[in-house]
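Record features (TrEMBL):
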{"type": "TRANSMEM", "residues": "12-32", "note": "transmembrane segment"}
{"type": "TRANSMEM", "residues": "44-68", "note": "transmembrane segment"}
{"type": "TRANSMEM", "residues": "96-123", "note": "transmembrane segment"}
{"type": "TRANSMEM", "residues": "153-175", "note": "transmembrane segment"}
{"type": "TRANSMEM", "residues": "187-210", "note": "transmembrane segment"}
{"type": "TRANSMEM", "residues": "222-245", "note": "transmembrane segment"}
{"type": "TRANSMEM", "residues": "257-281", "note": "transmembrane segment"}
{"type": "TRANSMEM", "residues": "310-331", "note": "transmembrane segment"}
{"type": "TRANSMEM", "residues": "351-372", "note": "transmembrane segment"}
{"type": "TRANSMEM", "residues": "384-408", "note": "transmembrane segment"}
{"type": "TRANSMEM", "residues": "428-447", "note": "transmembrane segment"}
Amino acid sequence: MQEKKSIHGSWASRWIFILAATGSAVGLGNIWKFPYITGENGGGAFVLVYLICIALVGIPIMIAEVFIGRRARQSPINALMDLAEESGSSKRWGAIGFMGMLSGVLIFSFYSVVAGWVLQYIYSTATGALNGVSSEQAGNLFNELLADPTTLLMWHTIFTIMVVVVVIGGVNAGLERATRIMMPALFILLFVLFGYGMSTDGFAAGWSFMFDFDFGKLTWDAVLVAVGHSFFTLSLGMGSIMAYGSYMPKRASIGSTVLAIGFLDTLVALVAGLAIFPIIFSNGMDPAAGPGLMFISLPVAFGQMAGGQFFGTLFFILIGVAAWTSAISLLEPTVAYLVERVGMKRSSATIALGVVVWAMGILCLGSFNFMSDVSLFGKNVFDFLDYITANIMLPLGGILVAVFAGWVVKQKFSTDEINLKSEALFKLWLFVVKFIAPVAVGVVFVLNL
Ligand code: PFF
Ligand code: NA
């Protein structure tokens, strides 16, 4: 049989796929979200549950997404429909892809707002406005930013345009180039911050906050947040990785590639936590400060450190790039689908989608000011979208993909495509996607009702 090709192009090599998928995975989820939800959920036990979810549920589901995409060489909806049909099942499985597109739009709308905060912080650090700030001043500056819809709108708009421009460029020109240099640079800077954290007297407290397990503090809601975050951080459950998988070269081994991506993503999150919590504790700040945690702690550290203005600017630039490469992957499944299905030009599809997510983003940034009294189930629009996407839609999409890969797709397809060296490893994978992942996530869902 001749190998299928995606009409959207393909990655030049396995290495480029790793870069792009890591670019999708590593983002605000690691550096902004992971530390703040760890802080809100009491630390250690939460981190442990998150790590277990990555290994037990996240990695196997990522393997499933990559193989489905690569086998079908199409956008998620069409990939799911085709594989279902070829396996003698209903094309309705494509619905998982629809939910995924919706998740992508909803996530983008708050993701872009946070990325906008990052852009503001690049500017503030570069101009020296954050030099030597105290923790109290840093908190005030962040609150002033949230209270100012015009500034938020400006950055949100700039960020959305940045993403749209790259997505229009397409798989080869746009996505590859955006990922090549930033990953190593981000790692280096994270380690610089980590080194700074080690030099503060809050390091021991930060370390034990993250790694001392106290299960007494763990609620079922916290467990759901950990489960949800393992999907969010690996970009699973909405088709991003599936779409990227459809551009993956045939020769590359899926298992080892996915392990590398999962490992890098987890490493970045843990190092980010180990950089941020020592700063929090050595300055007497509150680990449960919420979404502002990174923005009130890092400026204090950069303000005290030698060369802080330079390192701080560079660091916020790198977080901005990480957010950028992730946001690109939030739009890719929908753009690819519009091109395939409706026959739109890539540029028109991207611009149309860009307008939608930009408009949704205004509702999110308004949560902190002109819409602060709008509440959905007791949360503002920003928190609500963050909560339902990460904790409900992505895990639901993820277990449906697991069920699809384990029960619906002909086993010949998955064996061929995943092509693990050992039979036992394949059996283990199959067992996890058939039983463990759906049951584990299902139980956590039910216990939260
Ligand atoms: N994984 C990204 C992060 O950790 O920042 C966020 C994300 C990107 C989630 C793409 C979902 C997605 F499809
Ligand atoms: Na991530």
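Just so you know, glycine gets a Cβ as well, placed from its N, Cα and C.
Values in this document were obtained by computation on a predicted structure and should not be read as measured data.
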Listed stretch, out of 187-210, 222-245, 257-281, 351-372, 428-447, that has the most CB pairs under 8 angstroms to the transmembrane segment (96-123): 351-372
Spatial neighbours of the transmembrane segment (257-281) far in sequence, C-beta under 8 Å, 6+ residues away: 14, 17-18, 21-22, 25-26, 29-31, 34-35, 38-39, 47, 51, 54-55, 58-59, 62-63, 66, 183, 186-187, 190-191, 193-194, 196-198, 200, 202-203, 205-207, 209-210, 233-234, 248, 287, 289, 293-294, 297-298, 300-301
Selected stretch (most C-beta pairs under 8 A with the transmembrane segment (428-447)) from 44-68, 222-245, 310-331, 351-372: 44-68
Cβ contacts the transmembrane segment (384-408)/the transmembrane segment (222-245), at least three under 8 Å, sequence gap 6 or more: yes
Closest-packing stretch to the transmembrane segment (12-32), where packing means Cβ pairs under 8 Å, from 44-68, 187-210, 222-245, 310-331: 310-331
Chain residues in Cβ proximity to the transmembrane segment (222-245) (below 8 Å; excluding those fewer than six residues from its ends, i.e. six or more beyond): 17, 20-21, 24-25, 29-30, 33-34, 37, 41-42, 45-46, 49-50, 53-54, 57-58, 61-62, 65-70, 75-77, 79, 96-97, 99-101, 103-104, 107, 261-262, 265, 269, 326, 329-330, 332-333, 336, 389-398, 401, 440-441, 444-445, 447-448
